[in-house]
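K.L.:
What follows is a structure written as structure tokens; I'll ask about it next.
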Amino acid sequence: MALFDWHKHFDPVLSYLNETGNTRWTTALKEQLTRRFEDNPHGDMERWHNALQSLPDVADARVDLNRSAITLTSPSGLDPDAMTRLENGLRGLMPWRKGPFDFFGTYIDTEWRSDWKWDRVAPHLADLAGRTILDVGCGSGYHCWRMAGAGARQVIGIDPGLLFMFQFLAVKGYLGQAPVDLLPVRMEDLPADMECFDTTFSMGVLYHRRSPLDHLLELKGTLRRGGELVLETLVVDGPEGYSLMPEDRYGQMRNVWFLPSCPTLLRWLDRTGFRNARVVDVSETTTDEQRQTDWMRFNSLADFLDPDNPSKTIEGYPGPKRATLIAEKP
């Protein structure tokens, strides 16, 4: 199999960034991508690339971005050999954590029902039509596709996980020049104060950051004046000022630092310069929303909860509850 040609996949978004005046990001991004794919490639990258390359060509692929599953169809259909190659290639990109997706009748039942989160968030958003959007910690890009389905002009997702990137490319490979891109970089890799996005999403990221206030300031720096922040994170019950810092792990995750109360989150947003911050949803995460499937065969939420009291994590902390907040940059 040929080596992964990152220029083929990322030159269009680099050109877009140049054309929209983001030359600082373009310069840094070229260096980051060179290091990622040429100087220090991931040990599994060849395997994932081979799986991507093995997917069958479908000349008449169509997509519906507004269903619960991102759905690819073909009016002419796929023959049995192509369907076998399709499933084998997609299984070569396991585990699939964020979705679901439907590739020409092959349904990928992902670990997370990411459509449930979208259904909770979407009614509260400013109209996404014509907006330029950044999705921080986007996983395999499920929500990026839903944003495009809502009419976004350009969506850029960032997530350092290379497997997520290959899963994203499995979808994009059938869509041609869709205005959605996924960059395998971290939030910290972005230039400060770009101020170029109309909406920035950060969902499932804040609790992984040692300094949550710095993360909020970084997010604010991505937004133009009047831009909208959509923040979703783990929370706990408690008064303003209260935040849980786990002793070690939370739900078996090592990299969880702060689980604030909703009043504390509102104060953080106020102190970091956002306006009109409000809580639009609070939902407990259940084993119906996050679970082991045939496409993600490792441990999942049920294994991270106390078997005698599933309202608590296995470490004895309150079970996962997620809040979505929306705020604007003045």
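Note that Cβ sites are derived from N, Cα and C of the backbone, with glycine treated the same way.
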K.L.:
Looking at 23-44, 309-330, I want to know which stretch Swiss-Prot calls region 'Disordered'.
P.N.:
309-330
K.L.:
According to Swiss-Prot, TRP112, LYS117, GLY137, MET187, GLU188, MET203, TYR207, ARG322 bind carboxy-S-adenosyl-L-methionine; which one of LYS98, LYS220 is listed for that same site?
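P.N.:
Among LYS98, LYS220, only LYS98 appears alongside TRP112, LYS117, GLY137, MET187, GLU188, MET203, TYR207, ARG322 as carboxy-S-adenosyl-L-methionine-binding in Swiss-Prot.
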K.L.:
So which residues does the region 'Disordered' (309-330) touch in its own chain, when a touch means Cβ under 8 Å and the partner is 6 or more beyond its ends?
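P.N.:
Same-chain residues near the region 'Disordered' (309-330) but 6 or more away: 117, 120-121, 124-125, 203-204, 220, 223-237, 244, 246-252, 259, 262, 265-266, 269, 273-285, 287, 301, 303.
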K.L.:
Check each residue in the chain of MET187 (carboxy-S-adenosyl-L-methionine binding site) that is at least six apart in sequence and keep those whose C-beta is under 8 Å from its C-beta; list them in sequence order.
P.N.:
VAL136, GLY137, ILE158, VAL205, HIS215, GLU218, LEU219
K.L.:
Taking only same-chain residues 6+ apart in sequence, whose CB is under 8 Å from that of MET203 (carboxy-S-adenosyl-L-methionine binding site), what do you get?
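P.N.:
Listed in sequence order: LYS117, VAL121, ASP135, GLY137, HIS143, VAL230, LEU231, GLU232, THR233, THR324.
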K.L.:
Give the sequence-ordered list of residues that share a chain with LYS98 (carboxy-S-adenosyl-L-methionine binding site), lie 6 or more positions from it, and have CB atoms under 8 Å from its CB.
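P.N.:
Same-chain residues close to LYS98 (carboxy-S-adenosyl-L-methionine binding site) (Cβ under 8 Å, separated by 6 or more) are THR110, GLU111, TRP112, SER114, GLY139, SER140, TYR142, HIS143, PHE164.
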K.L.:
Run through the region 'Disordered' (309-330) and tell me, per DSSP, how many residues are helix, strand and coil.
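P.N.:
Residue counts for the region 'Disordered' (309-330) by secondary structure: 0 helix, 14 strand, 8 coil.
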K.L.:
Please state how far apart, in Å and to a whole number, the two most distant Cα atoms are among LYS98, TRP112, LYS117, GLY137, MET187, GLU188, MET203, TYR207, ARG322, the recorded carboxy-S-adenosyl-L-methionine-binding residues.
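P.N.:
Farthest-apart Cα atoms in LYS98, TRP112, LYS117, GLY137, MET187, GLU188, MET203, TYR207, ARG322 are separated by 26 Å.
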